[in-house]
Structure formats: C-alpha cells, structure tokens
Amino acid sequence: MEKAEFQVIIVGGSIGGLTLAHCLHRAGIKHVVLEKASDPAPQIGASIGILPNGARVLDQLQLYDQVEEHIEPLSKATIGLPDGFNFSSSYPKIIDQRFGFPIAFLDRQKMLEILYKGYPDPSKIRLGQRVTSIESLDDGVLITTTTGHVYRGDLLVGADGVHSIVRREIWKARGIARRVSKIKQDSSKLTVEFRCIFGISSAMPGLKLGEQVNALFDGLTIVTIHGKDGRIYWFVIQKLGKKYVYPDSPRYTSHETSIAAEEIRDVKFYENITFGELWDKRETSSMTALEENTFKVWHHGRCVLLGDSVHKMTPNVGQGANMAIEDAAALANLLRKMRISSGPYFPTSSQMEFLLQKYRDLRYERVNTIYQSSRFLVRFQVRDGIIYSLLSRYWAPYAGDLPADMASKTIADGTMCDFLPTPKRSGGGWEKYSKQGRSWSYLTQLMIYLFGLTIVYTSLTMMFDLEGALKFYFLQV
C-alpha cells in the first residue's frame, strides 16, 4: 500500500527524545515530539554527565560545541573512606586522553535547552501535550492528548522516562496477547533500594575546578563534581531500610528532602567541609527514589521504548543519559535503512516487528552490561555489606588504572549515527578497548579477580590479622 510519508511520534521531550528528533531530522524521517510540560527545559536541580560515547553522537549532531561551553572537563577524582583514609585517581584525565572527549557535567536544564534551541524546526516539538490515550491500529498508532489534539503516526517511541505511559501501553497490549505472566515478571523487576538527594550549589572554597569527590560511608555516599565557574553538582545516595517494587516506590516532598539533608548536615565529605555547608550553598535540590532495572520487553506492535522508560540505572556510572543518546542513534540508524529499502512503500507490520526486535537485540546486551556495572558501583559506594566495605578499603586504593580500563570498555563500544561522519576529535581508545579486541567482559575479569581475592584472603586470615592479611595481598598484586 502506498503511503504519503512515514511518521514517527516521540512521546517525551527528554534527553533521549530530543536526541532522537535530531537524528531523525538528519536522516530525513518525518517526526513529531509530544512533551507534557509547557517548559522544554525546566530547572529541577538535576545534572547530567556526558561521557565520550554520548559526546561522540552529540558531536555528530553538531551540538557538542555548545555543550563544551558549559562544562569543566574532569581530571581527578578523590575517594574518601570512613576511617579517614583517602586516595586520588586520575581516571577522568585518562579517559579524555584515550577518547578525545572528557567526562563532563552540566545542568540537565542546559542540556535540554541546547537540544531544544538547536533543533531546526520548533513546530515539530509540541509542548503541553500530555498523552491521555494510545490506540494501536493495523497500520499505525493514534495518540490523543489532554488538549484534545489527535496525532496519527506509523511508529510510537516512548522516551517518557521511568513512569512511561508508552511502556504501560506495551504491557497492556502484551497482556492481551496472552503474555500476561511474562509481562508481570518483567514489570515486577523494577525495584528501589536507594534514594538520592541531588542538587546544584554555587562555588565553595576548597573544592577545585575539574575535580570530583566520592565520600564513601556505610549506607551512604556523597558525590560532588566541580564544574564550570565552580558550580557544584552533587548527589547523596542512601540505602533504604527495605526494598520496594514499582509502582509502590516512595515519593518525597520538599519538606522530606530538607529533613533528610539536615540529618547528615554534620557529615564531612572532603577534608573539613561538611554536607551542611554544601546544602546551605544550594541553588536547587530535590530527592527521589532510585529505580533499577533493564526490562526484557522493549516493544510491541508499533510501539517501542528508549532511555529510562526501558532501562533505569543509578547515577553512579554516569551513563544513564548517554545510553538514551545511544538508543536514539541506534533506532535512527535502523529507521533510515528501512526507509531507503522500502522506497515509496510503507513497511508491513511484520517488517516493523523485525526492525524493532533488531533494535532491542542490538541494544540489550550493551545496556544491561552497563546497568549491571551501575548496580555494582552503587552498592560499592555505599559499602553495602562486608564484601563491598573490604573492596572499597583494600582493593580500590591499589587498583591503579583498572577503574579507567573498566570505564574505557563501557565507552568504546558506544553506538553512533552510521549515516553521519565520524567526529574528527577522537583517540586510540575507541579501537583498543572495543569488544572486538577482548575475549572477556570487564565484569568477568573483575569477578575472576575477586574470586582470587576471596581464596587468598581466606588463606591469609589463618596466619595474620584481617587488616594485615589484606594489605599483604594487595601489595603483592
């Protein structure tokens, strides 16, 4: 059947949603973005980390120069432990040297503003369009919003975050298709074990530009990133007393946020600087539950997900937004190839199903590996139990370049737009640390390393005291 023009409806003017709009514009594919908020770039107190794999796509879209105006590249990280021991790592600088892009943070508001203002046709980004209903047709989807507007498209993309209405529609449709047990199992795996107070503070004496501080405590971690003009991006992650299953996860008011902050006011996170001093300098702040999961179901019919709507991770690895950016590039790559191969004809439902399954297959393993890294790191940084406590005190200080190597292996296989030129700024790390160049994943290597640690630790504790045994082991490796 001949069609006028294939159209993609993107629900959510998020980082991933707006990046997809840019990618589709470059690919020549008709699209529209429906954003429920009236402000395309609200200030909610959040920051965003742009790592080389996300930066590379933004550079392809000619947006990274604007990002660079608002960042202070990280060069050093300082890690502090409860007993007063601290050490430094130059892994941020190493990453910059390996990939040609730094690890950098900026206001999430500013990133959204860059994506929104940098888009060439604002009429395609519809604000104040909260989706109220989604109707799946044989050859498309029909979307109705609170304003009464009706949008018809050939593909619906849910870039609408962890509380995604598109994901609910996919679960509903899959359930009707008699996959109820699988959907219930998938939906129940979105869990919450941590909460995060996050915010942005003005410059403080003693916190140097381009540096990051990770203060590790039992059940708590405080992270600060010192950005452009001394602007401090920070988050405090705390272990909760119980495990919640979505959607029964806690929601927090501003009053509850203030109470939680006051409870840790006197905690020193760097030298003699207390969290209370950082809190008093805040420009904006909030508190949220940290959901965790990579869903197995990514699509149904003509509906598909990207970003936090399908994979939600804690902020510790800084890859959440970068994964959404990669999702956008991967989906745009496939849609462009489909458009070229289909010519003037619209692809059949089975062809669309094949394309969306291919998108899921291309992304799932990579996203899930980084998600597992996030699960490991958040528990490591809050010293969640004896193993993580031992690792933070007796493994991390002696790990050398291993943290940089681990990060490099998650960065190197990043997806970019295959129909746009590769950025000129680059480094040898993309090839050296790519999956093709290694036989084991870094998590496998880490598990083998930790298994060896366990055996040696057990043997040594028979002869030495605990601290002496661990120091002896790490001085030998």
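In case you wondered, yes, glycine gets a Cβ from its N, Cα and C as well.
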Report summary line: In Swiss-Prot, FAD binding by Glu35, Gly49, Arg108, Asp308 extends, among Ala21, Ala289, Ala321, to Ala321
Query - 4-24, 193-213 - the range that Swiss-Prot marks as transmembrane segment - result: 4-24
Query - In three-state DSSP terms, the structure that Arg108 (FAD binding site) belongs to - result: helix
Report summary line: Expressed in Å to no decimal places, the gap between the Cα atoms of Arg108 (FAD binding site) and Arg195 (active site) is 19
Report task. Return the member of Glu35, Gly49, Asp308, Ala321 nearest to Arg195 (active site) in space, with distance defined Cα to Cα and candidates limited to these binding-site residues. Result -> Asp308
